[in-house]
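Q: Quick one: this structure, given as structure tokens, is what I'll be asking you about.
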Amino acid sequence: MFSFNMFDHPIPRVFQNRFSTQYRCFSVSMLAGPNDRSDVEKGGKIIMPPSALDQLSRLNITYPMLFKLTNKNSDRMTHCGVLEFVADEGICYLPHWMMQNLLLEEGGLVQVESVNLQVATYSKFQPQSPDFLDITNPKAVLENALRNFACLTTGDVIAINYNEKIYELRVMETKPDKAVSIIECDMNVDFDAPLGYKEPERQVQHEESTEGEADHSGYAGELGFRAFSGSGNRLDGKKKGVEPSPSPIKPGDIKRGIPNYEFKLGKITFIRNSRPLVKKVEEDEAGGRFVAFSGEGQSLRKKGRKP
């Protein structure tokens, strides 16, 4: 018998227009080349060899090209897209966070299969650190970061880069399926409380209970207005020689008025107090009547009276 696998790298297999093969995976930092490929770490896409593109072009693969990655040793799986086909044969390059989700080490085997995923309508994320709350607009930051992703899988911990800092988010829920495509989709995003977040404790003021309740019935009289209750001041700044000691005010000395319970809105009533006239005032008015020519005349030059 002859073995048809005479090459070091596995040959892709086709089952009913489905791409399926195994690659040895490495992190993007081990990708040889003059250009810095740190942009691959910021997304959810992998780099595959040119032979994969040749096989995919012969199949009736719907775009965008989405793949299911499976680590059979740990029974872990995730989904991703493809960025380029420039890797060496038999090798694929993955972002570091994706290798952590799959529990893969450098050079580990991963099963790659082409899949079709439904378009996402809802997703829920849980930040893995309370530092994520320092971001002013987290939804806008996440929307910008997800442009480098092709799909989401429930249970994955994705990594996004913002202001030169890496934030990890766990995908708690996706709809309509556990794995969804987020390319050209209208998706509602929600956040769960960050891992390790504690709500600030409210300071409750414990008031000491008294043996008996205080009687506040006498306070109403003290709150009434009392005219000229202050102390006077002189212009020269001196104080009076004898200052009378103010007598304490009792609640009964100041009486409050009784409200008019028959008051009607929009009606004004002028209340006047009737006071009896004093008899002395009447006598003064009677005695002080006007009498014409009752005074004495005066002249500028004194003249003697004729005998």
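In case you wondered, yes, glycine gets a Cβ from its N, Cα and C as well.
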Q: Which residue from SER74, SER209, SER231 is recorded in Swiss-Prot as phosphoserine?
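A: Looking at Swiss-Prot, the phosphoserine feature maps to SER231.
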Q: Are there any residues in the same chain, six or more apart in sequence, whose C-beta is under 8 angstroms from the C-beta of SER129 (phosphoserine), and if so which?
A: TYR167, GLU168, PRO194, LEU195, GLY196
Q: If one measures from the C-alpha of SER231 (phosphoserine) to the C-alpha of SER299 (phosphoserine), what distance in angstrom results, rounded to a whole number?
A: 57
Q: Going by a 10 angstroms cut-off between Cβ atoms, which of the modified residues SER231, SER299 has the sparsest surroundings?
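A: It is SER299 that, of the modified residues SER231, SER299, has the fewest other Cβ atoms within 10 Å.
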